[in-house]
Amino acid sequence: MSPAIATNDLPVTQYEESLIPILLPSDIYGEFQSNRLNHTPPLPSILKNPFRVVDGPATTAAGNPNEIAKLFPNLYGQPSVSLVPGHSEVKGQSLKVGVVFSGGQAPGGHNVITGIFDYLQERARGSTLYGFKGGPAGIMSCKYVKLTAELIYPYRNQGGFHMICSSRDKIETPEQLKQAEETVKKLDLDGLVIIGGDDSNTNACVLAENFRSKNMKTQVIGCPKTIDGDLKCKEVPISFGFDTACKIYSEMIGNAMIDARSTGKYYHFIRLMGRAASHITLECALQTHPNIAIIGEEVAAKNRTMKNITIYIADIICKRMELGFNYGVIILSEGLIDFIPEVKQLIAELNEILAHDVVDEAGMWKGKLRGQSRELFEFLPRPIQEQLLLERDPHGNVQVAKIETEKMLIQMVETELDQRKQRGAYKGQFQGKPHFFGYEGRCGFPTNFDANYCYALGYVTGILLHSGKTGLISSVSNLTAPVDEWTVGGTPLTSLMDVERRHGKFKPVIKKAMVDLEGAPMKKFASLRDDWALKNRYISPGPIQFVGPFANDINHTVMLELGAQFLF
Ligand code: FBP
């Protein structure tokens with residue numbers, strides 16, 4: 001293995017010498033990082049040949065259409081668009097475009113930017129692409145960098161969002177909207193691209209509506225980003241980053257399985273990222289076959305209490321003990337806590353209290369909790385109480401990444417097993433090992449799928465802007481087919497919207513796509529989980545492959561949801 005090389009020494013294969021990247025002198029790339037720069041994402045054939053942008057039928061909203069129509073009078077009802085072979089009416093005029101990362105990282109984000117950049121270079125010569133620094137705050141404070149070929153080059157096919165960084169700021173108040181208007185006017189922007197999750201794309205829609213209501217020329221296009229996989233609809237089969245994050249977590253779960261089996265004495269309780277929906281947990285279960293995977297949506301649908309979940313886990317541990325297995329692997333999503341009906345109720349009450357009251361040690365605020373919620377709050381271990389009271393994120397969400405549900409479950413299972421032991425119903429030695437696999441999965445090298453998907457998303461974003469569209473999220477579908485056959489277009493953001501209670505008020509939000517309990521991935525899991533619980537059917541998928549026979553494999557969720565034939 002050759003030593004890490006300075007980026008100034010990066011091999012320049014497909015770029016001219018003058019495009020050698022400019023990074024900080026301290027930035028060095030290892031052999032693999034440099035090698036990934038050479039991956040050239042293939043484009044779907046529709047994007048390589050002459051195409052036309054065609055409108056589909058008018059759309060409505062995901063929920064409360066009347067409210068959404070009132071809130072977005074200039075955008076509501078817009079048709080989806082798709083690209084079909086034909087002669088383009090789009091003129092090759094140059095564009096000024098700004099792009100921003102919003103929210104948590106998701107592998108592939110840099111390729112969205114390179115896709116937009118390459119489109120502008122190839123089809124809208126003379127265009128300028130600006131990157132807003134530090135997320136939406138960069139739009140409001142007009143902090144930007146002009147994205148050139150030199151600057152973009154070292155980020156091709158690399159993980160992270162560090163080319164321009166990100167944040168969770170919301171552009172919402174009249175003052176913030178005004179600041180955004182001033183920025184787009186100052187830079188004379190034709191287009192603004194928001195690469196984000198459900199909350200960020202809600203923001204994109206608010207901005208698009210605001211600009212259009214003021215007859216401003218700036219169009220706004222969103223891109224579906226989030227490892228959580230909960231920003232999707234018929235035309236947007238998955239958000240980018242999900243594929244990579246699940247493969248990284250699955251490798252780590254597989255390793256924990258081998259550890260459990262080797263030592264024969266630990267139960268690994270692994271909490272996985274996924275703030276609300278349990279798509280990541282479900283996908284990782286399908287990839288690795290743990291003894292238990294707790295799917296939040298099912299817990300809510302079946303009205304499971306914390307006690308029920310504890311007993312379910314303890315029962316399996318006891319049965320495994322009888323079979324001679326004093327070890328196992330249990331996975332759960334970080335959003336689980338918010339699905340347990342009694343905790344959900346407590347969180348809803350705490351949200352209202354945090355929005356309107358002073359929450360201090362004196363504890364007067366606790367008087368506002370209803371009886372059952374107060375009892376539950378007092379019952380929870382002190383660290384969990386404190387974690388539930390942490391400040392909400394700027395979009396009003398509980399910061400579930402900071403709530404150590406895995407530790408709470410270990411404590412509860414331990415107590416349950418101790419009681420069983422006293423009754424002679426359990427003879428094992430339970431040792432729970434808590435893990436949280438979160439941030440480390442959000443910043444890895446994008447899989448070939450995410451690298452290619454993101455590049456296509458970026459490219460189609462350029463097309464949507466060039467053809468005068470606004471208030472759309474770019475979409476790339478038919479993802480189980482070879483890249484050549486992928487289809488592309490744009491979906492109105494208003495068609496994904498509903499109204500929800502946030503920060504103690506009703507707000508328009510993109511409706512999260514939760515795990516469908518009747519969907520193919522869940523059905524597959526439900527049909528296999530009893531077998532996985534007692535027998536060791538562990539699969540250790542190993543690290544992500546970038547070349548070789550499995551390099552282009554797609555995650556189970558997308559394959560199953562799109563109806564592809566799939567062998568386990
Ligand atoms: P996005 O929805 O913004 O993509 O973020 C998803 C996520 O990674 C969640 O899985 C996690 O709960 C959260 O971000 C963590 O947020 P933060 O980065 O603010 O700690």
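Quick reminder: no glycine exception, Cβ is built from N, Cα and C everywhere.
Under the three-state DSSP scheme, Asp228 (active site, proton acceptor) falls in the coil class. Per TrEMBL, active site, proton acceptor is recorded for Asp228.
What TrEMBL records for Gly104 is diphosphate binding site. For Gly104 (diphosphate binding site), the count of additional Cβ atoms within 10 Å of its Cβ stands at 24 [all protein chains shown].
According to DSSP, Asp198 (Mg(2+) binding site) is assigned to a helical segment. Among the features that TrEMBL reports, Mg(2+) binding site is placed at Asp198.
For Thr226 (substrate binding site), the same-chain residues that are 6 or more apart in sequence and have a Cβ closer than 8 Å to its Cβ are Gly103, Gly104, Ala106, Gly196, Gly197, Asp198, Ser239, Gly241, Phe242. Marked as substrate binding site by TrEMBL: Thr226, Ile227, Asp228, Lys265, Tyr266, Met273, Gly274, Arg275, Glu334, Tyr439, Glu440, Gly441, Arg442.
Taken from TrEMBL, the feature domain 'Phosphofructokinase' applies to 96-349.
In the structure as shown, the Cβ atom of Asp199 (site 'Important for catalytic activity and substrate specificity') sits within 10 Å of 24 other Cβ atoms. Taken from TrEMBL, the feature site 'Important for catalytic activity and substrate specificity' applies to Asp199.
Listed in sequence order, Phe101, Gly103, Ala106, Gly108, Gly109, Val112, Ile195, Gly196, Gly197, Ser200, Leu231, Ser239, Phe240, Gly241 are the same-chain residues at least 6 apart in sequence whose CB falls under 8 Å from the CB of Lys225 (site 'Important for catalytic activity'). The feature site 'Important for catalytic activity' is assigned by TrEMBL to Lys225.
Glu334 (substrate binding site) sits 11 Å from Asp228 (active site, proton acceptor), taking the C-alpha atoms as the reference points. Listed in sequence order, the recorded positions among Asp198, Asp199, Glu440 whose CB lies under 6 angstroms from an atom of ligand 1 come out as none at all. DSSP gives Arg442 (substrate binding site) a coil state; it is part of no helix or strand.
Ranking the recorded positions Asp228, Glu440 by how many other Cβ atoms lie within 10 angstroms of each Cβ puts Glu440 at the bottom. Cα separation, Asp228 (active site, proton acceptor) to Gly274 (substrate binding site), rounded: 5 Å. Averaged across the domain 'Phosphofructokinase' (96-349), pLDDT for the predicted model comes to 96. Put simply, Asp199 (site 'Important for catalytic activity and substrate specificity') is 39 Å from Tyr266 (substrate binding site) when counted between their Cα atoms.
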